[in-house]
Amino acid sequence: MQSSLLRSLLFVPGNSEKMLQKALQAHADALVPDLEDSVPKEEKVTARNLVSKVLPSMRAQIHKRIQIIPRVNSFYTQWFEEDLKAVLQPGVSAVTIGKVETAEEMKEIVKAVAEKEKEASLPPNSVKVIPWLETAKGIAYAREICACGSRLVAIAFGAEDFTADMQIERTASGKEFYHARNWISIAARASKLLALDSPWPHFKDLNGLEEDCRIAKAMGYKGKFSIHPANIDTINQQFSPSMKEVELAKKIVEAFEAARKAGRGSTSVDGTMVDEPVYRRAKAVIEQESLLQDANNASSL
């Protein structure tokens, strides 16, 4: 799953069959039927039953490269166990779980997923886990949570719950949570996990969304959740390398490899020094572009 694209992940309220069907037309890399924050308490069971019922048809109607990653209610809620049982079905590549706060909790979640996976007769370790870190405690233990095993493939940052927990205002600039946001990206990278960013709340402000994506990308985030289908194309564009970036990356790789063959450890491209770290960054851009091309080719088949 780590080799798959996860630039854009679209939340869909699990208690709305109309919205679940409409989401199938979005160009998201992953659809996230939601049983947690977008569903009121009195609708939790209804949403669970509906999502469980429609998952097979969702999988049948979308391209195989598009992942289905339901979000279940957090571990200590009354709904967690039954949520897992309902959504662990063929075609579900991962589950995402809100408000994880400690490594011990994360290990219990992983254990529960393994048990429900077995009960559902799914291949071992086929359903991955994406925890949300969205409280001060969860972010403080980010490094330990990220190190909880191979079932984890990504870590998500929840800005809305984090600012609520900190009792601070969430602003459009997001400067108040830069440290937490950056720390999650670092912790994820240390465990070779993807860092996935919090949704942009002002979904009609596409210019603001672009800037928010640029900030997250600069921090090392590889994708972003969304609460509205209209934001997906912008997110995909911002988390994909531009033609200019790819062309420069190819120039850097070519120049550095030529310098290395000549016995030099550095060179320059367009007046800028190129050494080993710059070369590795350029290679990563080219690899991402290759992955994107493979996905586009697969979608056209």
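These residue numbers are counts, starting from 1, taken along the chain as shown.
Any Cβ shown, glycine's included, is placed from N, Cα and C.
The substrate binding site annotation in TrEMBL covers Arg71, Glu134. Around the Cβ of Arg71 (substrate binding site), the same chain contributes Phe11, Val32, Pro33, Asp34, Leu35, Glu36, Val95, Thr96, Ile97, Gly98, each under 8 angstroms and 6 or more positions distant in sequence.
The number of other Cβ atoms within 10 Å of the Cβ belonging to Glu134 (substrate binding site), over all protein chains shown, comes to 26. According to TrEMBL, the Mg(2+) binding site annotation covers Glu134, Asp161.
Sequence annotations record features per position, and here TrEMBL assigns domain 'HpcH/HpaI aldolase/citrate lyase' to 7-229.
A mean pLDDT of 96 is what the model gives for the domain 'HpcH/HpaI aldolase/citrate lyase' (7-229).
A gap of 5 Å separates the Cα atoms of Glu134 (substrate binding site) and Asp161 (Mg(2+) binding site). Around the Cβ of Asp161 (Mg(2+) binding site), the same chain contributes Gly98, Lys99, Trp132, Glu134, Thr135, each under 8 angstroms and 6 or more positions distant in sequence.
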